[in-house]
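Pulled from TrEMBL:
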type    : residues                       : note
SIGNAL  : 1-19                           : signal peptide
BINDING : His65, Cys79, Cys82, His83     : heme c 1 binding site
BINDING : His100, Cys119, Cys122, His123 : heme c 2 binding site
Amino acid sequence: MRTIAIAIAILGTSLGALAQEGELDAMRGHVPLLEERTPEPLYNVENNDLRRIRAYPMQPPTIPHKIDNYQVDLNANRCMSCHSRQRVGDTQAPMISVTHYMDRDGNFLAELSPRRYFCNQCHVPQTDAPLAVENRFVDVAEILRQRRETQE
Ligand code: HEC
Ligand code: HEC
């Protein structure tokens, strides 16, 4: 009992010290640890049906439509009801690429590979939320262009 009480006392003082420091984590909006943060509003999910360009050829494309209530579990994969090879004629959705039908040894399967079953592991919708951190990404095409210019 006594050791527990001491542990709690130590935890209490260290939390107090942390809270005093205040600006610990920018992701929490610089709110001290022991204060409750006003939650951010829920931002709108992009639903304009316009495919975004990819930042590099192997990037999983972002999802340009809402995915609310699109169930993906052991029994059903709602995404595949539009994006599978057999369904794209009716839905006009882009087919999942051939890599989604490959196993880890590069063999082509007739069905979606289990490695690609949980779509949202790699594909995510976008929101109109303001950026939490600055983005300094430069497209490789821009880097190549700059290099060509300096070599001339
Ligand atoms: C009702 C049919 C339908 C369902 C269900 C659906 N999609 Fe789509 N998806 C589309 C269509 C159509 C497009 C083409 C752009 C558009 O119209 O939104 C698309 C576009 C995409 C793209 C962009 C592809 C690219 O090349 O840029 C991704 C990624 C995607 N969907 C992933 C998903 C995922 C993941 C799910 C399940 C959570 C899903 N979709 C469920 C119809 C669907
Ligand atoms: C492990 C990561 C991963 C998972 C899981 C995954 N994808 Fe992808 N997806 C990618 C990558 C990477 C690309 C781009 C390169 C490629 O085509 O392989 C892509 C490409 C796509 C494209 C564009 C195809 C094209 O030719 O333009 C669609 C549509 C898509 N995925 C839908 C899905 C759907 C639907 C699921 C779930 C059934 C899914 N993906 C699961 C990584 C993934």
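Note: Cβ is positioned from N, Cα and C throughout, glycine not excepted.
Just so you know, TrEMBL annotations are computer predictions that nobody has curated.
Here the features listed in TrEMBL are placed on the structure.
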residue	record	DSSP (3 states)
His65	heme c 1 binding site	coil
Cys79	heme c 1 binding site	coil
His100	heme c 2 binding site	helix
Cys119	heme c 2 binding site	helix
In whole Å, how far is Cys119 (heme c 2 binding site) from Cys82 (heme c 1 binding site) when you measure between their Cα atoms?
13
Cys79 (heme c 1 binding site) sits from His100 (heme c 2 binding site) (Cα to Cα, rounded, in Å) at a distance of 13
By a simple count, how many Cβ atoms lie within 10 Å of the Cβ of Cys122 (heme c 2 binding site), its own Cβ left out?
11
Enumerate same-chain residues with a sequence separation of six or more from His83 (heme c 1 binding site) and a Cβ-Cβ distance below 8 A; give 'none' if the list is empty.
Thr91, Ala93, Pro94, Met95, Ile96
Whole-number Å only: compute the distance from the Cα of His65 (heme c 1 binding site) to the Cα of Cys119 (heme c 2 binding site).
14
How long is the line from the C-alpha of Cys79 (heme c 1 binding site) to the C-alpha of Cys119 (heme c 2 binding site), rounded to the nearest angstrom?
8
Under a criterion of Cβ-Cβ distance under 8 Å and sequence separation of at least 6, what residues of the same chain contact Cys119 (heme c 2 binding site)?
Val72, Asn77, Cys79
One residue among the binding-site residues Cys79, Cys82 has the fewest other C-beta atoms within 10 A of its C-beta, namely Cys82
Checking the binding-site residues Cys79, Cys82, His83 against ligand 2, those whose Cβ falls under 6 Å of one of its atoms come out as Cys79, His83
Neighbours of the heme c 1 site His65, Cys79, Cys82, His83: Cβ within 8 Å of the Cβ centroid, same chain, sequence order.
Ile63, Tyr70, Arg78, Met80, Ser81, Thr91, Ala93
